[in-house]
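S.K.: Residues annotated as substrate binding site in Swiss-Prot, with sequence analysis given as evidence: Arg23, Gln24, Ala25, Gly26, Arg27, Asp73, Tyr150, Ser205, His322. Look at Swiss-Prot and you will find Asp73 tagged as site 'Transition state stabilizer', backed by sequence analysis.
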Amino acid sequence: MTKTMLRALKGETLPTPPIWLMRQAGRYLPEYRATRAQAGDFLSLCYTPDLAAEVTLQPIRRYGFDAAILFADILLLPQALGADLWFETGEGPRMSTITDMEGVTALKGRDDIHETLAPVYETCRILARELPKETTFIGFAGMPWTVATYMIAGRGSKDQAAAHKLKDTDRPAFEALMDRVTEATIEYLAKQVEAGCEVVKLFDSWAGSLKGQDFEDFAVAPAKRIVSELKARFPGLPVIAFPREAGEGYIGFAEKTGADCVAIDNSVSPEWAAEKVQAGRTCVQGNLDPKYMVTGGEELVQATKRVVEAFRNGPHIFNLGHGITPEADPENVTLLVETIRGK
């Protein structure tokens, strides 16, 4: 097996960690901005396979990352389930809201999502053909809790108050929504794998707002179900899980869910994560602060070396603790890659 990303996901400790970045296809790159302008708007970019494939390939051409991640959005799935989705300039995504069981039952079934998502699968097929042979191809979806927070509130929020309210005041409706999203997520990811994705990543951006038993019930349990069903269909499929800002919840997350790798954010130190999460055997992905992609210089070099050093005694995939920001300097990403690869 020559793909370093897949070797790390199988538990191999490598002298140089594979590297890719969350949101590596993004607004910090001039070529991305040009292609997005060509598409007209963000959703059109997601749903135009040739252009979505192009922006996926751009950071691979520029930096030679070890992995490419499908260009899409976690909110395409709720749109396929029947939610209205639009993006407001400077405000981010907006959706129609689900606040009761009636709203849940009005959603499409898990087998009815594929017509809307067909362009995404075509993007996967294009990339499976066009990516360099050494580049691992990652598909992804949002985790049910995070997707549900948007479906309930109609927008992102700092505290996910609307989702917590539904969870605490109408548990049957909340659990029914989680079930519908979980089932659809499994089918969505299965189609991505059938179309050529070699790895899938589960993004639980708002997992940190789940505490105690709620974290077990609505972050761990859905991840375990998704991982087990996908691995039953695709034996050996590597899965990366990212329960962002889980803190102590990162400990044992891979073991509890069956994920092959746990991605961690930069609110925890690499040394803590190496001891408590990686523990010499569990593949960890992360966790450089994205701010260094803006500031650059010797600070970036030293912070990068610290992350590499912390995780060098176990399987590690180098990434940021969160997505690269539009303010990042493309030259700083070059410096990052050169620092890791010792160029």
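Quick reminder: no glycine exception, Cβ is built from N, Cα and C everywhere.
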S.K.: Just to verify a number: CA distance, Ala25 (substrate binding site) to Asp73 (site 'Transition state stabilizer'), in angstrom, no decimals.
M.R.: 12
S.K.: What whole-number Å value do you get for the CA-CA distance of Arg23 (substrate binding site) and Asp73 (site 'Transition state stabilizer')?
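M.R.: That separation, Cα to Cα, works out to 10 Å.
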S.K.: What whole-number Å value do you get for the CA-CA distance of Arg27 (substrate binding site) and Asp73 (site 'Transition state stabilizer')?
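M.R.: Per the Cα atoms, Arg27 (substrate binding site) and Asp73 (site 'Transition state stabilizer') stand 14 Å apart.
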S.K.: Cβ atoms within 10 Å, counted per site: which of Arg23, Arg27, His322 has the most, among these binding-site residues?
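M.R.: Of Arg23, Arg27, His322, the one with the most crowded Cβ is His322.
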S.K.: Among all protein chains shown, how many Cβ atoms are found within 10 Å of the Cβ of Asp73 (site 'Transition state stabilizer'), not counting that one?
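M.R.: Here the count is 17.
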S.K.: Helix, strand or coil for Tyr150 (substrate binding site)? Use DSSP.
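M.R.: For Tyr150 (substrate binding site) - judged by DSSP and reduced to three states - the answer is helix.
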S.K.: Hey, of the binding-site residues listed (Ala25, Tyr150), which one tops the CB count within 10 A?
M.R.: Tyr150
S.K.: Round to the nearest Å and give the CA-to-CA distance linking His322 (substrate binding site) with Asp73 (site 'Transition state stabilizer').
M.R.: 15
